[in-house]
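Visitor: The structure's right below; bear with me while I get my questions together.
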Amino acid sequence: MTTNDKPKDAIEEPRPATPRGRQASRQAPRPVEPRPRRYMVAALPQPDPAAPAYDDDTVRRLLEDDPEVRVLRRVRGRAAGNPGATVPGFPAVVVAETTPEHVEALRRQYPQLHVERDRLLTYSEVPRPPRRRRPAPVVAPPGLESTFAVLVRDADGTPLPGASVLVTGHGWPGQAVTGADGRAVVTMAGETPESITGLTVRPRSGYWSMHVERPALSTTRDNLVEPVRLAETFGGFPDRQVFGWGQQAMNLDRLPPTLRGAGVRIAIVDSGADVRHPDLRERVRAGIDLVDAEPEGWTADTAYHGSHCAAVISGADDGRGIVGFAVEAEVHACKIFPGGRFSDLIEALDYCVEQRVDVVNLSLASRHHSPLVAAKIDQAREAGVACVVAAGNDGGPVAFPGTLPGVLTVAAVGKADAFPPGTAHEAEIDGPVTGDGYFSPRFTCRGPEIDVCAPGVAVLSAVPPDAYAVLDGTSMAAPHVAGLAALVLAHHGDFRAAYAARDARRVDRLFQIITSSCVPLNLGDVHRTGAGMPNALRALAPALAQITPEPAGTDTLLGHLAAEMTEAGLLAPAPVGPGGRSGHPGQLGPVGPGAQHGLAGQAAYGAGGTANGPLSGGSLPGGLAPGGARGEAKGGVSGLDPRGGAGGTGSAGRRGSGPSGGPSATRSYATGSTPGRAQGARGGAGEAAPEVDVTTGGAARTANGSPAAAPGSPIGSPMGPPMGPLMGSGTGAPIGAAPYEQAALAWLAEEMRAAGLIGSRPWPDM
């Protein structure tokens, strides 16, 4: 039979009158009964030779006429660019409710049919406590319980409503959400205050989470928790734009501002994207609502999850908040949560095929395999749609659909210095930690299906309506890779030539480029990290080779020197310059003649004569060393810190000295031939230093961001290369070709800095 309140065909008719995204009005009580099970039914493409084949309409009529079946809707595949056409090779799927016993009868009676459960998908960031609970040895004795009142407020006494509170003990965990007064009450059956093993509080937005092992909880008074504001860690945030630590780890901040993903379409199959948010407004322009079937329903996000993913991928580059990977890509939001099922995922992928989407982010998972979903993902791959999938968050084997061979499966990694102590993020550290602080969190799923890993712990991004939150999960790792995939498709030459056609070869080549760009992470188990963490500089090396920098002149150096002196109080503040996109006033920085292995002219990106200094690392393939960071922001915001002035100032990279400007600086760092505090390159001669992990430094930049010396003009004093964070400002000039006035200005800036007349204050490192 067919229901009267739900459509038979999701394309032609409205969705249910009582949507799963909203609660129905309260009705009279009735006994609790098991929910009916939902199934997907489709005609087999090659049925039993002894049985006649069924077309889609026959399957639908057969189920509608069956009194044991309640038909909910039909999902028909849509061809690329043609909403009215059915995708060849994939049957229509009828979604219906019935009993398991009747399903077995249908399978016996109609071998032409494929029937499988339409299971729920999960999308939460980390659904379990940071520490594994110990199972209760017996059922809790009746009457033994403890009730804890938790008061969550900030240091100013402002209550924090909507914060989730999780209490773990020897038995089942308990959780609650704070009300308007910041209070939550959790009752634990079979527990005493002494048996409680952990307390975790996660504010909805704007604050760090908190985690306490073996907390001393009281049952007679409020247990006060005071989370720390994000702005205390990221000074000036959100009025100051920042790159997330994960974007820096993947070297997004070191790309030139011209690589922005224009022309690529990305779909985020999730809980929608709140377009009211400043970082998503004008960024997410289209979508489909498969929850409530509202024309603009995809613009609302009650779960926060989809908005968080969307901003990592394509957050606006507007000088505040965060910035995404592909800020000019066309973003679509396919809303299937809350309540998303396999059938909704199939329908969302149909939308992606129809809309000719290039990259789909699937931050979702199931513990069950679906042949129909697998066939749909394979069909999408054949249509040139690349699916980037989260590995899962329960710490077990890789979840579906990350187990499929035609997707790129992403595990999560964290970085120990990316969050304050005492947070739930810290509780995820499990196992070895690399020298750079990377670790594999306990929640990430693992297995041979893992292709790559990406930042998925303490990921800062946007949440509705206009706030920011730090979340954990492979759900947060996958958008990092999806965003990079969009940049590769937009700017890598292969996709304008041999792999321009929308087919499976195109998808496979994209995944090959991403995996081959990875920097391996030695965390003791390759099944946790796959090929390693993708590196944007390696993945986009051919595009970087096509960029020609523009030399900076004396006026630019004067502007940078004036900015430093203004900040030090030696000059009156001047109006801030207009700046450029992604923190770049639109001019590429200078380079020396000796960039490594043929990338001459690509060594530094920044405003005027400045650029962020090199990060530590070893050589890229072929000696590629694309140089300084994607730093100068909006009137000079060196990636993380707003600076006034017409041109802005640069910031130095972390750990390590700059490469020499000459031929000897191949596949290694070099400290230069002139000893001194800056340890810069001078005129092309260099002294090789040991390789480290990822070479991203520039040929014309010193270790602390100050200019390389012109011939015959040494700077600094013989102090050796500095250790630890180097956060000086950069005012470099071309090596070997700088006029004497530029060299003089560079020398003056360095001497003033050494004398303490202009600042070199540390900048936050996310």
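Cβ coordinates come from backbone N, Cα and C, glycine included.
All TrEMBL annotations are machine predictions without curation.
OK, TrEMBL features for this one:
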| type | residues | note |
| --- | --- | --- |
| ACT_SITE | Asp270 | active site, charge relay system |
| ACT_SITE | His305 | active site, charge relay system |
| ACT_SITE | Ser475 | active site, charge relay system |
| COMPBIAS | 1-15 | compositional bias 'Basic and acidic residues' |
| COMPBIAS | 593-605 | compositional bias 'Low complexity' |
| COMPBIAS | 606-661 | compositional bias 'Gly residues' |
| COMPBIAS | 705-718 | compositional bias 'Low complexity' |
| DOMAIN | 261-495 | domain 'Peptidase S8/S53' |
| REGION | 1-38 | region 'Disordered' |
| REGION | 571-730 | region 'Disordered' |
Visitor: What's the CA-CA gap between Asp270 (active site, charge relay system) and His305 (active site, charge relay system) in angstrom, rounded?
Guide: 7
Visitor: Would you pick out, from the active-site residues Asp270, His305, Ser475, the residue whose Cβ has the largest number of other Cβ atoms within 10 Å?
Guide: Ser475
Visitor: Rounded to a whole number, how many Å is the Cα of Ser475 (active site, charge relay system) away from the Cα of His305 (active site, charge relay system)?
Guide: 8
